[in-house]
Amino acid sequence: MASYKLLLLPGDGIGPEVMGEVTRLIDWVNTSGLATIETETDLVGGCAYDAHGESVSDATMKIALEADAVMLGAVGGPKWDGVPYDKRPEAGLLRLRKDLELFANLRPAICYPALADASSLKRELVDGLDIMIVRELTGGVYFGEPKEITDLGNGQKRAVDTQVYETYEIVRIAAVAFELARKRGNLVHSAEKRNVMKTGVLWNEVVTQVHKDRYSDVKLEHILADNCAMQLVRAPKQFDVIVTDNLFGDVLSDEAAMATGSLGMLPSASLGAEDERGRRKALYEPVHGSAPDIAGKGAANPIATIASFAMALRYSFDLGEAADRIEKAIADVLDQGLRTGDIKQDGCKTVGTREMGDAIIASLKSAT
Ligand code: IPM
Ligand code: MN
């Protein structure tokens, strides 16, 4: 039986609560004999800063680099508002993405039929929605230098962030998007701002070339990122795969999340390049944040994290069938009318994190 090492980084806020439900799913994988998943648990974010004065320690990074996959809960919260910029909780997450070279962030936005009424958009616009946002994750304005605030000495300051992209970064993320599209609806929208940004001009040029050279069987549309944002709320079902840079991807994926009913539903996978053995470094995390307002209350929606674990089974552990079963169990409990607070609905039963986890596991077990 295959054996894998999974590093769990629950992090801050609701992170530990939602990750708690994943550890129960890991037990299910292990006891059903599907694979052996060995876990180690460590700190990231504000809790790591409190313990070590760093939002991720070198020792944790070493474990992450050696693991087959990493699962992260959430980082950040008002408690750490005052910590120095390079030690803030988010810096730990950014270091993980950068040092593991996880350039491809896959954010599927799927609207479960049972949740179509929880969306802020009309049911007919979102029912059956299935979009994959492919966000570039290790470049762009998140990491470009210079990135600084200078005191101009006259009572004024000057802040600079730098958006940088090189050809190879666009080639590899475009290839991920086209490959995914081939297995889905065969359509890629590439979103940038070529009308005002040089990086947008290069992005457009390189995506066009990659398409022409290697993926002319896939339909490609270029779209300005602002128009893409508008189209996502006007007619989201026109999209299949959207490929975009780090910052636009951050914004567009939160927007797409709401079409599915709640940010609490969206999983993500961040993948590196394939090595000689065909394996990729990977980090799986819910798209939602640490939700400090509900942390510790047992009220958080664990579905995004559970669905992120399903992505880990699919992309890192070669257990696509088990991933399908988990996704089916999520759909089942929603059909049964169970809802956490973020997706609560008249006529449905509002449950907490643990009860939602219990119901998903019960549905999984009854299906076997
Ligand atoms: C996300 C988050 C992060 C990002 C934050 C926490 C740094 O919003 O994963 O979308 O901006 O990438
Ligand atoms: Mn975000």
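These residue numbers are counts, starting from 1, taken along the chain as shown.
Every residue gets a Cβ built from N, Cα and C, even glycine.
Sequence-distant contacts of Tyr85 (NAD(+) binding site), defined by Cβ-Cβ distance under 8 angstroms and a gap of at least six in the same chain, are Ala91. According to TrEMBL, the NAD(+) binding site annotation covers 77-90, 289-301.
Annotation comment: TrEMBL describes Arg97, Arg107, Arg135, Asp226 as substrate binding site. Around the Cβ of Arg107 (substrate binding site), the same chain contributes Met132, Ile133, Val134, Arg135, Gly249, Ser253, Ala256, Leu266, Pro267, Ser268, Val287, each under 8 angstroms and 6 or more positions distant in sequence.
Taking the Cβ of Asp250 (Mg(2+) binding site) as reference, residues of its chain lying under 8 Å away and at least six apart in sequence are, in sequence order, Arg135. When secondary structure is read from DSSP and collapsed to three states, Asp250 (Mg(2+) binding site) falls in the helix class. The feature Mg(2+) binding site is assigned by TrEMBL to Asp226, Asp250, Asp254.
Looking only at the domain 'Isopropylmalate dehydrogenase-like' (5-360), the predicted model's pLDDT averages out at 96. Residues or ranges marked as domain 'Isopropylmalate dehydrogenase-like' by TrEMBL: 5-360.
Here TrEMBL flags Tyr142 (among others) as site 'Important for catalysis'. According to its DSSP assignment, Tyr142 (site 'Important for catalysis') is helical.
Reduced to three states, the DSSP call for Lys193 (site 'Important for catalysis') is coil. Cβ neighbours of Lys193 (site 'Important for catalysis') (same chain, under 8 Å, six or more residues apart in sequence): Gly200, Leu224, Ala225, Asp226, Phe248. Per TrEMBL, the feature site 'Important for catalysis' maps to Lys193 (among others).
In the vicinity of ligand 2, defined as a Cβ distance under 6 Å, the following of the binding-site residues Asp81, Asp250, Ala299 are placed: Asp250.
Note on proximity: of the binding-site residues Asp254, Ala295, Ala299, the one nearest Arg97 (substrate binding site) is Asp254, by Cα distance. Between the candidate binding-site residues, Ala291, Ala299, the densest Cβ environment within 10 Å is the one around Ala291. Of all residue pairs in the substrate-binding list (Arg97, Arg107, Arg135, Asp226), the one with the greatest Cα separation is 26 Å apart. Within 8 Å of the centroid of the Cβ atoms of Asp226, Asp250, Asp254, where the record puts Mg(2+), the same chain has further Cβ atoms from Ala225, Ala229, Leu247, Phe248, Gly249, Val251, Leu252, Ser253, Glu255.
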